[in-house]
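Colleague: Take a look at what TrEMBL says about it:
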- B:114-141: coiled coil (COILED)
- B:9-82: domain 'Transcription regulator PadR N-terminal' (DOMAIN)
- B:95-176: domain 'Transcription regulator PadR C-terminal' (DOMAIN)
Protein chains: 2
Amino acid sequence: MTSTLGFAIMAVLARGARTGYELATAMSRPLGYFWTAGHSQIHVDLQKLLAADLVRFEAEHGPGPQGRKVYHLTPQGREALRDWVTEPPRSRPERDELVLKSYASWLADPEQVAELFRERLAEHEARIAEYERQQADFEDVPAADRPAFGNYATLWCGLSYERHRAAWCRWMIEQLGAGS
Amino acid sequence: MTSTLGFAIMAVLARGARTGYELATAMSRPLGYFWTAGHSQIHVDLQKLLAADLVRFEAEHGPGPQGRKVYHLTPQGREALRDWVTEPPRSRPERDELVLKSYASWLADPEQVAELFRERLAEHEARIAEYERQQADFEDVPAADRPAFGNYATLWCGLSYERHRAAWCRWMIEQLGAGS
DNA sequence: CTGAACTATGTCTGAACTGACATAGTTGGG
DNA sequence: CCCAACTATGTCAGTTCAGACATAGTTCAG
């Protein structure tokens, strides 16, 4: 069974061939489009995708203990990815540490909690500015059958998410200041 | 080291004593306030909290192979929870299967992808209606030092999140229909 | 009074993942 | 020419977790 990370790898490879290292930098935190993974796990999953013949690689002489391996999707890989897209997502559990902290925030000093949310707000605002810059680089919304549509769709979601999150932080800060 | 689930358990116990079973139902999917866990993991973490003397239990005769155990926070547990609240959250990796699917959506049939998002939209709209009903039950925003403030804050965040998500689904459906 | 649904606690296996460790070629500044 | 930073692949140990399995008292409808 292909893991979700396996499909994330294939989704990146569908745009062009990559080495494991390039996949890892693309999916590294904190940015990593929308799905993050360390290089160690990526190499493990690449082995599984290889075994299932969903990807293959061209070996090249280059850096690394085993040389350089440029991975690409096989036709079966592309088909598996396309089929997976329209399957309903297995819902990942909703686990948000900041939300949990807000749930327990009544126990703590309001000013310290407010400070926590001011820091998070600054992060969200920085990300909003960054995403808006990226969105401005698109002249129009790409057509739905272009790879660029995927980039635009995730960017739209990310921007909307950051705005929602920033609004919540501002509301929290306001509430925590109201009692003083 | 107390896991985040350990703090989630303590955050619930801070409102009153509970059995492991009650904790598990409160944190079960799909609702589960904001942090989900299965009962098996909750029992494991309760053992760790017991060992650290952050919680204790009163044994009662009742159902279950070992009878009924009503857990409550110790003063140390309450203190540990309060200290944890104001520490910056360890960022969990952002992993969203639906966003990943949207990233690869250009490969698939637009009408099938649109159907996927219509289903998600219906779920979000149902949750919005449910959360709005819950929000209406609050007369005012609770003061920041009341336990109810935690409930209101998570509800506010959840409602905002669902609206953001629904907006994204609507945008996706619109885009996917535009090309036909 | 019987059996199903519910309450209740716990163990175990395997998958996914993080972070540390190990190895080694390439490139460019000083 | 040397060394640091970068490119590059991989293993391993420990953690978290979901899902299956195991056990057993309580309650209530038929």
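Please read every residue number as a count from 1 along the shown chain.
Cβ coordinates are placed from backbone N, Cα and C, and glycine is handled just like the others.
Those TrEMBL annotations? Automatic predictions, nothing curated.
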Colleague: Please list, for the domain 'Transcription regulator PadR C-terminal' (B:95-176), how many residues fall into helix, strand and coil according to DSSP.
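Modeller: In the domain 'Transcription regulator PadR C-terminal' (B:95-176), the DSSP-based counts are 67 helix, 1 strand, 14 coil.
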Colleague: In the domain 'Transcription regulator PadR N-terminal' (B:9-82), how many residues does DSSP put in helix, strand and coil?
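Modeller: Helix/strand/coil tally for the domain 'Transcription regulator PadR N-terminal' (B:9-82): 33 helix, 15 strand, 26 coil.
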Colleague: Kindly state the mean pLDDT of the domain 'Transcription regulator PadR C-terminal' (B:95-176) in the predicted structure.
Modeller: 96
